């Protein structure tokens, strides 16, 4: 049996999912948290049972070693030879990587060079890649980029109206993120609609603590709300989304903060947390709003308002929409936010059933049968997309 492992390495964490391929059956999944701290947490699910241990895991290499040992100890695999492919999520591929790629030394160098575009994520992704290569050097490794799917955007979508030399010299442009998720739900939507993705106009709403909207026409990303970084676009859990750029020097002058500190505020203290003053967690805000907290209600309204702006502009951009898709933590689970987003879209031909909307995390249509525009909840599955790309590249390598 051939097995592929999908890896998402963060600065202090390592998420994994092991697949039997090509059947795409999930064998096990888990996460190593608090890597580098004394009380690291190792969690793995075996035969439906979640096993949690608190152990000292000083670095990613030890985390990988431990993960592989646990797979043997729990009899998930008989030997390391059963793992025939490793897929790594990499946040930023820039223009260099328009698609997933076989990892060699040059690819690692290129990903490291792109770290200035994603300083929080790419270095951690590379650490994960190197740790696996050291322990399983002969297994096919593949990098799957969050930005790759959006590389089909036309220049009018990705260029900022800045001096063109900034794009040529520094790579300043819109890149977009959550690409693996947008790609998965768009392909799955086509399956559910029974139509080729090539003839569909889709609006995909990846709404989680980080959130982005994408306009997908003919299976290709035409535009997306995140920009040069994942800070742009709609209001999010702790991120501001789009603001007037002149606010940055203004805030610096008023508060005495450095540019770096203001950026920190925009990334970590803004969005729903900033407006509400309570929490970045949507569930807390829904509870508070229900109790009559005006600021919690306002934070939710701002979130929905920004989503509406993208839905309207992207519908115009594609000259219509065939389906709106909700995915990720909020999109899949919050009937409240879906209702607020869908209300007022009747002019576009969106007719949805409030009774169908009362679900959490399951794949289903929310529209009435006669609705010209379909509305679908599709739980995202980035790990499966990673495993599929590994399979494709492994078979062609």
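Indices start at 1 and increase along the chain as displayed.
Every residue, even glycine, has its Cβ placed from backbone N, Cα and C.
Features reported for this protein in Swiss-Prot:
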- 8, 382: Mg(2+) binding site (BINDING)
- 15, 206, 207, 208, 209, 210, 281, 282, 283, 329, 330, 331, 332, 333: ATP binding site (BINDING)
- 89: substrate binding site (BINDING)
- 146: active site, proton donor/acceptor (ACT_SITE)
- 178: site 'Transition state stabilizer' (SITE)
- 239: site 'Transition state stabilizer' (SITE)
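The record assigns 15, 206, 207, 208, 209, 210, 281, 282, 283, 329, 330, 331, 332, 333 to the ATP site; their largest pairwise CA distance measures 24 Å. Cβ neighbour count for residue 239 (site 'Transition state stabilizer') (all protein chains, 10 Å cutoff from its Cβ): 26.
Cα of residue 332 (ATP binding site) to Cα of residue 382 (Mg(2+) binding site): a span of 14 Å. Using Cα positions, the member of the binding-site residues 15, 207, 330 nearest to residue 382 (Mg(2+) binding site) is identified as 15. DSSP gives residue 15 (ATP binding site) a strand state.
In space, 178 is the closest of the recorded positions 8, 89, 178, 239 to residue 207 (ATP binding site), judged by Cα positions. In terms of C-alpha distance, the listed binding-site residues 8, 209, 281, 330 place 8 closest to residue 146 (active site, proton donor/acceptor). Long-range Cβ proximity for residue 209 (ATP binding site), meaning a same-chain Cβ under 8 A and a gap of 6 or more residues, is found for 236, 237, 238, 280, 329.
Residue 283 (ATP binding site) sits 22 Å from residue 178 (site 'Transition state stabilizer'), taking the C-alpha atoms as the reference points.
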